[in-house]
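Features reported for this protein in TrEMBL:
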- 6-27: transmembrane segment (TRANSMEM)
- 60-81: transmembrane segment (TRANSMEM)
- 93-114: transmembrane segment (TRANSMEM)
- 126-149: transmembrane segment (TRANSMEM)
- 155-183: transmembrane segment (TRANSMEM)
- 246-269: transmembrane segment (TRANSMEM)
- 289-306: transmembrane segment (TRANSMEM)
- 327-347: transmembrane segment (TRANSMEM)
- 367-384: transmembrane segment (TRANSMEM)
- 391-408: transmembrane segment (TRANSMEM)
- 437-455: transmembrane segment (TRANSMEM)
Amino acid sequence: MERGEAYGFSAVLSGNFLLSCLLFAVINRRQRGPYMDEAFHVPQAQAYCHGRFLQWDPMITTLPGLYLASVGVVKPAAWLFGWTGSVVCSAAMLRFINLLFSAGNFYLLYLLLLKIHQKNKAVSGFQRILSTLTLAMFPTLYFFTFLYYTDPGSVFFTLFAYLMCLYGNHKTSALLGFCGFMFRQTNIVWTVFCAGNVVAEKLNEAWKTELQKKKDEKISSRKGSFSELMRILRFLIKYLISLKNLVTLTALTWPYIILVTVFFVFVFVNDGIVVGDRSSHEACLHFPQLFYFLSFTVFFSFPHLLTPTKIRKFLLSLRKHPVQYSLIAVISLFLIWKFTYVHKYLLADNRHYTFYVWRKIFQRHELVKYILVPVYLFAGWSFADTLKSKSIFWILMYFVCLLAVTVPQKLLEFRYFILPFLIYRLNIPFPSLYRQLLELAFYIVVNAVTFYLFLNKTFQWPNSDEIQRFMW
């Protein structure tokens, strides 16, 4: 990092943290007590603060990573600054832990952009800092910086594990992956993603060698023809059935293999992935979740994905390959017909934005979910088109992880999309400065509206005196 870029990065990080602290103070004055899921998280963390580590709320579905990390930060701070009484492990103090995680996420996002795009010399330090600020302000993640939820810590350890993986520190990466798993069990998918990065890199090297031997064209991630895809598939099978190759891959990825093994032992002993309330968190094959994620990604990345050029390219691709798109459309219609699930929380809890998305769009008519298939096709094509700079093996590995982290979820919840979105956004090519500024401005507006609604547009449920607030 050059000195000017270092000063600029420090200034933006400090400014972002200061503004977040001011917003944090406003939110805590308006909402002093636990809200929503904090009603479970805060008392559990306070029990740990008082040394009651065997106490557990059966309504909590995640492992105790958040509470252990909180005690590890708050207790030494209380001893250092002489804090006593209710201030130690108060709701505000626990929420501040996530503000610290948020600052850590800012730094990790910058380091990841620096590492992933290190070969692109055309990218300026200003663009890197601007992209970091934009991703740190990503609305769904940024909102939960100010509440005591698992998301900021979950993102922190997962991004840290990904960074260490990219630098080849796989034992450290697996250890950080374990920390992420302790925050949220589904983060084990991103441990597989880190291992997949190693495998994809080796496959890409072998594939290039294969092409060179046959004096073929240089490897490209544009895989248009069916015959070329079949050729890659045959190569993949041939590579993976080789004992020598498997031994090499195992030697490189053994820390991740151990962690995944620990995960399966946990699932076997626990008789499932969910720790507490299982009735509301049943796994299922909810394939439309992939379509919701793609639409979510287009919405939050519209400066990159929803452009006139991309629309023209999509229509041209549609005209060139009508049979393939027709087949994909039929499969999509079938998946929507047979595998659409509506969680009871989605229909009952009018505090979440997903409630209104479902009611205003999907519940308008029974046919709406089918009519949206062309939108999903464009979203999927545009999503894949922005990843064309990555190798076919990386794309395949990411797509498998994306399916694993979204499809089993019955509940439509935007928080589940945070990590797959961030990893996608980190890996696409740097957009133009204009599009970066447009994206940042859009995020700022969405955040401003979200916090305005949360703070000022309160309401009450019938037969309840509690103040309710709108949120992600």
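Even glycines carry a Cβ here, placed using N, Cα and C.
Bear in mind that the values here come from a model prediction, so they are computed numbers and not experimental data.
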Selected stretch (most C-beta pairs under 8 A with the transmembrane segment (437-455)) from 60-81, 126-149, 246-269, 327-347, 391-408: 126-149
For the transmembrane segment (126-149), distant same-chain residues with Cβ under 8 A (at least six beyond the ends): 5, 8-9, 12, 16, 20, 23-24, 27-28, 34-38, 41-42, 45, 66, 91, 94-95, 97-99, 101-102, 105-106, 109-110, 113-114, 117, 155, 300, 414-415, 417-418, 421-422, 425-426, 430, 433, 436-437, 439-440, 443-444, 446-447, 450-451, 454, 471-472
Residues from the same chain, set at least six apart from the ends of the transmembrane segment (93-114), whose C-beta lies under 8 A from its own: 1, 9, 13, 16-17, 20-21, 24, 28, 41-42, 45-46, 69-70, 73-74, 87, 128-129, 131-133, 135-136, 141-142, 144-149, 151-153, 155-156, 159-160, 162-163, 166, 422, 426
Stretch with greatest number of CB pairs under 8 Å, the transmembrane segment (60-81) reference, 6-27, 155-183, 327-347, 391-408 candidates: 155-183
Cβ contacts under 8 Å made by the transmembrane segment (391-408) with residues that lie 6+ beyond its boundaries: 186, 189-190, 192-193, 196-197, 199-200, 203-204, 207, 219, 221, 223, 232, 236, 283-287, 289-290, 292-293, 384, 416-417, 419-420, 423-424, 427
Long-range Cβ neighbours of the transmembrane segment (6-27) (under 8 Å; 6 or more residues past either end): 95-96, 99, 102-103, 106-107, 110, 125-126, 129, 132-133, 136-137, 145-146, 451, 454-455
Intrachain residues whose Cβ lies under 8 Å of the transmembrane segment (155-183), provided they are six or more past its termini: 62-66, 68-69, 101, 104-105, 108-109, 111-112, 115-116, 141, 190-191, 193-194, 197-198, 252-253, 255-256, 258-259, 262-263, 418-419, 422-423
